[in-house]
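Feature annotations, reproduced from TrEMBL:
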ACT_SITE  GLU375  active site, proton acceptor 2
ACT_SITE  GLU375  active site, proton acceptor 1
ACT_SITE  HIS502  active site, proton donor 1
ACT_SITE  HIS502  active site, proton donor 2
BINDING   TYR215, ARG511  chloride binding site
BINDING   HIS374, HIS378, GLU402  Zn(2+) 2 binding site
BINDING   HIS374, HIS378, GLU402  Zn(2+) 1 binding site
DISULFID  CYS145-CYS151  disulfide bond
DISULFID  CYS344-CYS361  disulfide bond
DISULFID  CYS527-CYS539  disulfide bond
CARBOHYD  ASN148  N-linked glycosylation site
SIGNAL    1-24  signal peptide
Amino acid sequence: MRFKSRQLAHAAVLALLVPACALAASPSKTPTAEEAAAFIRQVEETLDEKSQASTLAAWTLATDITPENREKSIKADAEYSRILVDLIEQSKQYQGLDLDPVTARKMGLLKRMQAIPKPSDHDKLAELARLEATLAETYSLGEFCLKNGDCFDGTGVIGRMAKSRDEAELKALWAGWREIAPPMKKNYARLVSLSNEGARELGFANTGELWRSGYDMPAKDFPAEAERLWQQVRPLYDALHCHTKAKLTDYYGQDVMPKDGTIPAHLLGNVWAQQWGNIYDIVATGDSGPGYDLTLLLEQENYNARKMMQAGEDFFDSIGMGTLPASFWQKSLLEKPNDRKVACHASAWDITRDDVRIKMCTSVNAEDFQTVHHELGHIYTYMAYKDQSHLFRDTAHDGFHEAIGDAIGLSVTPNYLRQIRLLKAAPEKTDQVDFLLNQALDKVAFLPFGLLVDQWRWKVFSGEVKPENYNQTWWELRRQYQGISAPMTRGENAFDPGAKYHIPNNTPYMRYFLAHIMQFQLFEKACTLAGQGGDLTQCSLFGNKEVGRQLTAMLEMGASKPWPDALEKFTGSRQMDAGPMLAYFKPLKSWLDEQNKGRSCGWR
């Protein structure tokens, strides 16, 4: 994931901003469009100058979780928020003017700078900043112990659930991690209330509407657009679900499987059942596989965290996107330290134009090799648009940011591994269906989860779902979209959404759903540019400068244009479309349909 903060650092900034902004429009006369443009320029200059300190406070906390750093981060966030609220309030004097397109776009972006908008009341603002820090810290410090004395933090439980095939142990691990979340529930409900107050001050009905407004279409139209994309891919997901359920039934037995056709969430190799690639050995048929073990190859070649990151850098450099700045290597956190607590969830950070970093507790395995390429996709995106003005230093919408790294990850094929000499020779040609099944267990299985996380939050922010029904609605959505069920009764004393990083950290999640669709659009075009537009499972972009040139041209636009313009710049299409994803997985879909004949598919 990415961490993008446009935060101001000092309360003193307010004293600088108010007189500067007052010059843009005198209170004695009606503001003009020219004054609005001048106002935005002044705001951007100050944001550029003052954003670094509060972002650094957040970085320091994430890489050294202590009470002292927590207080510093809370203070910096509250100070920034007060200033931003004031700036947005000042911008309202220009509403209704006939602004030039650039100024109008920047005014809209200014309103949407905070995922959790702060109310103007200073006491409530400070309370909300503290709630955000408390929720994030509760998650990051979460630990639990099994009855046998084995204890796990977030990284530990992820690793154990990926490998364990003991149903009883998996159930205990699944339940144990969710013990960290109930203390969050009261704080989360209060955060929702205060955040909605801030959203209403911005002119939105609630925070959910604010989030849905960031896609260059009316906020009310975005849910239908997301649903359109979901309906495109649902038949593929349903076929994968049916096959996976059948194989899990064969492995664990009928007694473990619910009679309603759902899959128990603890059996899918992932703490959140969002990606299923870790149970490939159960779901695959016979001795199928990629013909190599990437984790073993990395170990044999003595890879460590830095060498994995260097391999990712080499990829981007090979397509003409350059090398990483020296400061990246000096300031990033690439391994889990032994002397302090850190937030291990991998993230890319845009501190300033010339200071980009990754925070990642890297393990030497195939999954993290992919993650390295994904996170560096964020970093190279930051570097591509760094010369844009402050409000345009972003992608056209948040799904683009995630899709870039994911599209690059699709290029981690046997041909690429041979090019970088991890594979000494290409393996015997792997059955295409085997490769696609392995891919689908992560790429396709994720789609309904990527959709439902924000479906749940939209309902919470709108008030449709009250705190006393948080957990019930969560599991209703998981059943509806994923066909997944909890392995044990879950009441409202639980707060299972809080066991997912992005809920207590207030990161909008729809970006990941969109990215999983868009990455195939981008990858299909990139492979065509590379002259490898046939079997995309064999496509490697390594070394193709034309791909890098055209990708950079799109990314350099930043957020300056609506997303259809950016998408068209690279792919030629102005619409998000699951067609390339369906084409990629077409051989698998045909195979799954054949396998599923005579099986009881679906759920109720």
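Each residue, glycine too, has its Cβ placed from N, Cα and C.
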(message) I need the CA-to-CA distance for the residue listed as 'active site, proton acceptor 2' versus CYS151 (disulfide bond), whole Å please.
(response) 29
(request) Out of the recorded positions TYR215, HIS374, HIS378, HIS502, CYS527, give me the one sitting nearest to the residue listed as 'N-linked glycosylation site' by CA distance. (result) HIS502
(request) Between CYS344 (disulfide bond) and CYS539 (disulfide bond), find the distance joining the two CA atoms and give it rounded to the nearest Å. (result) 32
(message) Rank aside, I only need the closest one: which of the recorded positions TYR215, HIS378, HIS502 has its C-alpha nearest to that of CYS539 (disulfide bond)?
(response) HIS378
(request) Compare the C-alpha of CYS151 (disulfide bond) with the C-alpha of each of the recorded positions TYR215, CYS361, ARG511, CYS527, and give the closest one. (result) CYS361
(request) Would you mind sorting out which of CYS145, TYR215, CYS361, HIS502, ARG511, CYS527 (the recorded positions) have a C-alpha within 10 A of the one on HIS374 (Zn(2+) 2 binding site)? (result) none
(message) If I take the Cα of CYS145 (disulfide bond) as reference, which of the recorded positions TYR215, HIS502, ARG511 has the closest Cα?
(response) HIS502
(request) Would you please pick out, from the recorded positions HIS378, HIS502, ARG511, the one with the fewest other Cβ atoms within 10 Å of its Cβ? (result) HIS502
(request) Would you kindly give the Cα-Cα distance separating HIS378 (Zn(2+) 2 binding site) and CYS361 (disulfide bond), rounded to the nearest Å? (result) 17
